[in-house]
Amino acid sequence: MTKTIAINAGSSSLKWQLYLMPEEKVLAKGLIERIGLKDSISTVKFDGRSEQQILDIENHTQAVKILLDDLIRFDIIKAYDEITGVGHRVVAGGEYFKESTVVEGDVLEKVEELSLLAPLHNPANAAGVRAFKELLPDITSVVVFDTSFHTSMPEKAYRYPLPTKYYTENKVRKYGAHGTSHQFVAGEAAKLLGRPLEDLKLITCHIGNGGSITAVKAGKSVDTSMGFTPLGGIMMGTRTGDIDPAIIPYLMQYTEDFNTPEDISRVLNRESGLLGVSANSSDMRDIEAAVAEWNHEASLAYEMYVDRIQKHIGQYFAVLNGADAIVFTAGVGENAENFRRDVISGISWFGCDVDDEKNVFGVTGDISTEAAKIRVLVIPTDEELVIARDVERLKK
């Protein structure tokens, strides 16, 4: 038995989960927030308890030190060296990293070079790796990429219809995201259906504040909705998803809101989607509450959101030449039963149908009617477990 920790480092946060492997038992989990700011918050959850402390944490190295000391303080481990492996989520692996990789040689430098593709994420992910390397230099460190699962896409799916030089010189292509989640729920869907993953065609829908949909054939991603960045694809909580690119130069010319690249990124990534259309909230719970009060903008935002998701699911029926199941996961996908019902009701002619008695909050598994030809599944995602499994697989 070994202890492995899965890490998701953000620019000012550190989310973690400690596993006993190979049993895959969660021993503890936690979150450190406001790194680099005053009144940082460290939360540790274990054995049904939740312990929190407020202190000033200057950087990721100090955050990792506090995390490790808390594990000892709460008697979860006796010493640092009980942890034999650490896995780090990294958003962008580009074309270079096609699978999870042990951190050695120039791996970390390559991760930092790929910050051009994920400037908000990769630098923070790399900071988390460096912090653990400093404090636990002798254990196996593994980087697990959101994009790796999508490197199986054929060229016709990942290339954009731009002049070739922008691909060869600037690496402009579809990379996708949420790959670890799509990979996990595809595997769980095969177990639930009692069929080999290699025999299945699945449409996996990771729908949270950010969202993406993936066509999975024989366990491999063959197309996905997010593109060069996580801005592409379906409408999301605060992101536009796909729009006509000509809108950008038009608004640059005729408004004061699009003067710089930073302005463009802010509006498209943080001020659009459900939030932008509803002028209310990016949270599906707030949107549904406003819809119930006959709020027109919220109703329109909800209808647009469902519409874009239905269109992408339909598109992937064409890509896969049919599907065996549609899988919902992540915050909205797992918890918003009205949303699932409305998405499926609009594409029921494919042969999918939701049983209202099964489609309730908190229920997971197969929510289809008995007569449905295509199964509709709700499967909680577990990206941290995928990371822990990859660490175990790659340990020396």
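Each residue, glycine too, has its Cβ placed from N, Cα and C.
According to Swiss-Prot, the protein carries these features:
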- ASP146: active site, proton donor/acceptor (ACT_SITE)
- ASN8, GLU383: Mg(2+) binding site (BINDING)
- LYS15, HIS206, ILE207, GLY208, ASN209, GLY210, ASP283, MET284, ARG285, GLY331, VAL332, GLY333, GLU334, ASN335: ATP binding site (BINDING)
- ARG89: substrate binding site (BINDING)
- HIS178: site 'Transition state stabilizer' (SITE)
- ARG239: site 'Transition state stabilizer' (SITE)
Measuring Cα to Cα, how many Å separate GLU383 (Mg(2+) binding site) from the residue listed as 'substrate binding site'?
9
For each of ASN8, ASN209, count the other CB atoms within 10 A of its CB; which of these binding-site residues has the top count?
ASN8
Coarse DSSP state, helix versus strand versus coil, of VAL332 (ATP binding site):
helix
Return the member of ASN8, ARG89, ASP146, HIS178, ARG239 nearest to GLU334 (ATP binding site) in space, with distance defined Cα to Cα and candidates limited to these recorded positions.
HIS178
If you measure C-alpha to C-alpha, which of ASN8, ASP146, ILE207, ASN209, VAL332 (recorded positions) come within 10 angstroms of ARG89 (substrate binding site)?
ASN8, ASP146
Least surrounded, by Cβ count within 10 Å, of the recorded positions LYS15, ARG89, HIS178, ARG239, ARG285 is ARG285
What same-chain residues, at least 6 away in sequence, bring their CB to under 8 Å of the CB of ASP283 (ATP binding site)?
ASN209, GLY237, LEU274
Distance between LYS15 (ATP binding site) and ASN8 (Mg(2+) binding site) at the Cα atoms, whole Å?
5
